[in-house]
Structure formats: structure tokens, C-alpha cells
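K.L.:
TrEMBL lists 116 with the feature active site, proton donor. The (6R)-10-formyltetrahydrofolate binding site annotation in TrEMBL covers 71, 97, 98, 99, 100, 114. Taken from TrEMBL, the feature domain 'Formyl transferase N-terminal' covers 9-189. Positions annotated as site 'Raises pKa of active site His' by TrEMBL: 152.
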Ligand code: GRF
């Protein structure tokens with residue numbers, strides 16, 4: 001019997017420049033394949049995904065601005081339908097700047113992971129790097145964790161530390177963190193099956 005005969009099928013959610021997505025795309029091998037890339041708005045990440053060869057994923061913008069806050073459940077349902085069409089084993093939120101709602105997590109909870117630029121539970125939320133600097137942290141880092149209904153509260157899979165240098169601003173520190181994040185998310189995906197139910201919500 002062969003272990004892991006098929007590569008892990010990975011869907012990626014992104015909103016911004018997509019440098020994490022690019023690292024994930026570039027490192028595809030026998031252990032995982034990117035089957036879909038989804039964004040909440042047109043962004044560089046989508047352009048990167050559309051350019052990627054030789055194994056182009058499904059690429060789709062599920063534009064939040066077509067829905068707005070009042071129709072957030074409908075947007076979550078459409079995002080979930082779109083992601084489901086790529087038949088992923090795992091969903092990676094890699095620079096995705098929207099909170100995933102219960103409509104999405106009812107279908108993909110326990111197999112949706114997020115990469116966050118701080119050592120959770122320190123500095124959750126959208127301004128983690130700025131908040132670490134403001135708090136005078138000497139060391140911060142990055143966390144990959146399962147997504148649950150809270151904001152950056154799900155069980156931690158892996159963390160790596162990053163030093164804060166004197167004179168750092170948000171941009172220099174975030175770029176140092178992202179260098180580590182890109183390596184860590186690829187390592188987590190390559191090892192994902194061997195995680196078993198460790199740390200998985202309900203696992
Ligand atoms: C990463 O630091 C991620 O943790 C955060 O947004 C950043 C995404 O960077 N949520 P990029 O768009 O992949 O370059």
C-alpha cells in the first residue's frame with residue numbers, strides 16, 4: 001500500500017499582494033497541489049494565480065462589494081460554493097482580509113487554516129504588526145492556526161519567532177515576518193496529512 005497516493009488538494013483565499021500565495025504556488029510538489037484561488041476583490045493575488053503555469057488553479061473573485069455587510073451570509077455561501085467547486089482537502093487563508101462566517105465554516109471548518117503575522121494569542125486582528133511595534137515587542141512572529149468562529153482564535157498548528165530590530169517600521173517588520181511566513185505555510189502544507197487530528201477543532 002502506498003502512503004498519500006494523491007497530493008493534498010489546497011484552495012487558497014487571498015485579498016492583497018499575494019506573496020504568500022506565490023510561495024505556495026511555487027512550492028507545489030507531490031505532497032500538495034493548488035486547485036483553487038479565491039479573493040474577495042480584484043487584487044494582485046488573483047493576477048498572480050492567473051499567470052501561474054504549468055498547473056493553473058481555478059481562479060475566482062467572489063466580490064464582497066457586490067454583497068456588502070447586509071448580505072454577508074449570501075457572500076459566505078457563494079464563496080463556499082465556489083471553493084467547493086475546486087474540491088479541496090484544505091482551505092488556506094493567506095492574507096485574506098475577511099472574517100469567514102458560519103455559512104462557510106459549517107462546510108469547511110476543521111480544514112480551514114490561516115496564517116497570521118504574530119505569535120497568537122498575542123496581537124490578533126488586522127493590525128498585528130503595528131500592534132506588536134506599538135507594544136514594544138522585542139520578538140514577534142507568525143502563526144498558522146485552524147480558523148474557528150473567532151478572530152484569530154482557533155487552535156495553533158505551528159509558530160515561528162521573528163526578531164524586531166531597532167528602527168523597524170511596520171513595513172520592514174512585516175516583510176521580515178512574511179519571509180518566515182512563506183516558508184512556514186509551505187512546510188505546514190507539505191506535512192498537513194501527518195498532523196492528523198492534532199490541534200484540529202473537534203479532533
Ligand atoms: C501576511 O502577513 C498574512 O499573515 C497577513 O497578510 C499578509 C499577506 O501578505 N494576513 P501577501 O498579500 O501574501 O503578500
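Each Cβ is built from the backbone N, Cα and C atoms, and glycine gets one as well.
Bear in mind that TrEMBL entries carry predicted annotations, made automatically and left uncurated.
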K.L.:
Sorry to bug you, but what's the C-alpha spacing from residue 100 ((6R)-10-formyltetrahydrofolate binding site) to the residue listed as 'active site, proton donor', rounded to the closest Å?
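P.N.:
With distance taken Cα to Cα, residue 100 ((6R)-10-formyltetrahydrofolate binding site) is 14 Å from the residue listed as 'active site, proton donor'.
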K.L.:
Given 100, 114, 116, 152 as the recorded positions, which ones have a Cβ positioned under 6 Å from some atom of ligand 1?
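P.N.:
The ones that qualify, in sequence order, are 116.
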K.L.:
Does anything in the same chain, at least 6 positions from residue 114 ((6R)-10-formyltetrahydrofolate binding site), have a Cβ under 8 Å from its Cβ, and if so what?
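P.N.:
Once residues fewer than 6 apart are set aside, residue 114 ((6R)-10-formyltetrahydrofolate binding site) is near 92, 93, 94, 96, 144, 145, 146, 147, 152, 154.
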K.L.:
Over the residue list 71, 97, 98, 99, 100, 114, recorded for (6R)-10-formyltetrahydrofolate, what is the maximum interresidue Cα distance in Å?
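P.N.:
With 71, 97, 98, 99, 100, 114 as the binding residues for (6R)-10-formyltetrahydrofolate, the largest Cα distance is 24 Å.
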K.L.:
Using a 10 Å cut-off on Cβ-Cβ distances across all protein chains shown, tell me which of the recorded positions (98, 116) has the largest neighbour count.
P.N.:
116
K.L.:
So for residue 152 (site 'Raises pKa of active site His'), how many other CB atoms are inside 10 Å of its CB?
P.N.:
19
K.L.:
Within 10 angstroms of the C-beta of residue 97 ((6R)-10-formyltetrahydrofolate binding site), what count of other C-beta atoms is obtained when all protein chains are considered?
P.N.:
15
